[in-house]
Amino acid sequence: MLQQRTLKSISRAVGVGLHSGQRVELTLRPAPVDTGIVFRRVDLPEPVDIRMTAEAVTDTRLASTVSTGGAKVQTVEHLMSACAGLGIDNLYIDITADEVPILDGSASSFVFLLQSAGIELQKAPRRFIRVTRKVEVREGEGANEKWASLEPYHGYKLSFEIDFDHRVVNSTGQRVEFDLGTDSYSRDIARARTFGFTKEVEYMRSKGLALGGGLDNAIVMDDTKVLNAGGLRYDDEFVKHKILDAMGDLYIIGKPLLAAYTAFRSGHALNNKLLRELLAHSDAYEVVTFEDEKRAPRGFGEVARAW
């Protein structure tokens, strides 16, 4: 039987929010079977739990924000991506502010935190959402067109293409494919950092955003080059970060997907729209378990590989 997974012990981190610049303490704790992934705002007078569901997403400007009532948590996608990549089903995330710390701008620090705590197999079957027919969402036309789709696939595969008119991005490749069954999330995706341009950063800061961003937690470019002294971590780091984001956005659905995800210029808003489109059509998916691990897709039967 493919079993649900949580952590063996508690893991903690301290950082700053990318947009707020505010100090944030994060505590990752084991959770019982069928809990799902739950953010707990412990800084509020009465702690508030926000459980990950597609409907919990209430804002997708610059990041994915989840909320319930008046409580929210922003920029959840990198931590959710790490949970997806390592196959964590049940987790409590205590947080002392309304934004997940950006740490190094990728998911690698979250992978380290999760793996440091250890992964515990639980006595309950892991439930998957298996896509049974193609679902697609589109926006815009011509040069502004963007789209994302999910199709049936015995496993989990993501293909992403970006379209940035910048000499550095053009030279590194704008399309990548990642298959959870044959590739390593920790090695191939997790270290890809968020990126931005100096003009954008200046504008966002004038609006009170990106206050915690800098060269230590993002790739920053001017009109011609990367400004980070160490350069890129991957040749195709830009589009790999889009895969990282997509994995986090899609894992908000609350269960691992069995599907092929394909996207062109998609972002947080379109990814969430895709999840809602899927859930709106009961004939497009089914919830499955694997009593016989040999019948499970490759890559799901083993605890996530280390670095």
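In case you wondered, yes, glycine gets a Cβ from its N, Cα and C as well.
Per Swiss-Prot, the features are as follows:
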type     : residues              : note
ACT_SITE : His268                : active site, proton donor
BINDING  : His78, His241, Asp245 : Zn(2+) binding site
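Of the listed recorded positions, namely His241, His268, the sparsest Cβ surroundings within 10 Å are found at His268. In sequence order, Val100, Ile102, Leu103, Ser106, Ala107, Phe110, Thr194, Leu244, Asp245, Gly248 are the residues of the chain that are 6 or more apart from His78 (Zn(2+) binding site) and have a CB within less than 8 Å of its CB. The two recorded residues, His241 (Zn(2+) binding site) and the residue listed as 'active site, proton donor', show a Cα separation of 12 Å. Its own atom aside, the Cβ of Asp245 (Zn(2+) binding site) has 24 Cβ atoms within 10 angstroms in the protein chains shown.
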